[in-house]
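Listed in TrEMBL:
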- 37-142: domain 'Fibronectin type-III' (DOMAIN)
- 230-254: transmembrane segment (TRANSMEM)
Amino acid sequence: MQTFTMVLQEIWTSLFMWFFYALIPCLLTDEVDILPAPQNLSVLSTNMKHLLMWSPVTVPGETVYYSVEYQGEYESLYTSHIWIPSSWCSLTEGPECDVTDDITATVPYNLRVRATLGSQTSAWSILKHPFNRNSTILTPPGMEITKDGFHLVIELEDLGPQFEFLVAYWRREPGAEEHVKMVRSGGIPVHLETMEPGAAYCVKAQTFVKAIGRYSAFSQTECVEVQGEAIPLVLALFAFVGFMLILVVVPLFVWKMGRLLQYSCCPVVVLPDTLKITNSPQKLISCRREEVDACATAVMSPEELLRAWIS
């Protein structure tokens with residue numbers, strides 16, 4: 001009987017201890033694990049824009065916020081307990097986070113996210129495979145081909161400071177040589193070629209990211225054609241009229257300037273009538289040599305000469 005009592009006490013003690021140990025986790029459970037953790041983490045990366053995405057945590061009637069942290073290669077190797085908060089995703093509402101500014105090197109990055117609701121927080125969910133930006137998808141650039149007179153001009157899509165563009169262009173004819181030009185930035189018009197009248201020129205482009213050493217595929221080829229018309233007839237007519245005007249106006253202008261210079265430098269002086277000689281010098285001598293003695297020689301005074309000149 002005593003043995004049976006001792007066995008019964010041990011059974012009750014065991015049941016009590018089992019119940020106690022089973023109840024303790026429920027009593028001591030912290031509120032941080034009440035919320036479910038975000039699931040299905042993935043990174044969508046296109047043209048060096050990196051977007052971390054996950055399935056949202058749904059709580060009816062409540063707004064759940066999310067926080068994102070990351071580890072670079074150094075942290076994951078040497079300080080694995082240190083995680084760095086994302087620049088733009090601290091208590092964000094949407095189930096996505098742009099981590100482009102956080103991914104600054106071409107090395108593997110660990111990413112994790114957790115949900116927050118008031119004072120409650122979920123456990124961290126970690127991206128299954130580390131993300132490296134060299135896996136980004138590079139798309140062909142958008143481009144606009146125009147002609148400015150006889151100039152072939154291209155304007156490329158501005159994808160950011162990390163992007164350069166390799167542009168190939170050629171004259172559309174059999175055996176034409178393909179030319180290549182590196183464009184350092186997008187968003188600005190760039191002159192490619194001076195085109196010939198009546199010819200068609202084709203262009204294609206691809207992106208290049210030096211940080212990861214990768215090219216995109218080439219864009220669709222676009223071609224433009226220059227009309228083969230000669231100088232329009234109206235323009236030729238205006239040119240002819242202008243040339244004829246130059247032939248007429250320039251000589252007239254030169255002649256007029258010559259006349260002005262002549263009158264300015266060498267003016268014509270008009271003599272008074274009293275100083276003009278109207279008769280032949282021989283007629284002034286009315287006396288022949290044999291009649292010299294008979295001629296009366298008159299000497300006039302200065303006053304008489306002045307009076308005669310004035311009259």
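Yeah, the Cβs are placed from backbone N, Cα and C, and that goes for glycine too.
The average pLDDT computed over the domain 'Fibronectin type-III' (37-142) stands at 96. Residue counts of the domain 'Fibronectin type-III' (37-142) by helix, strand and coil are 9 helix, 49 strand, 48 coil (DSSP-based).
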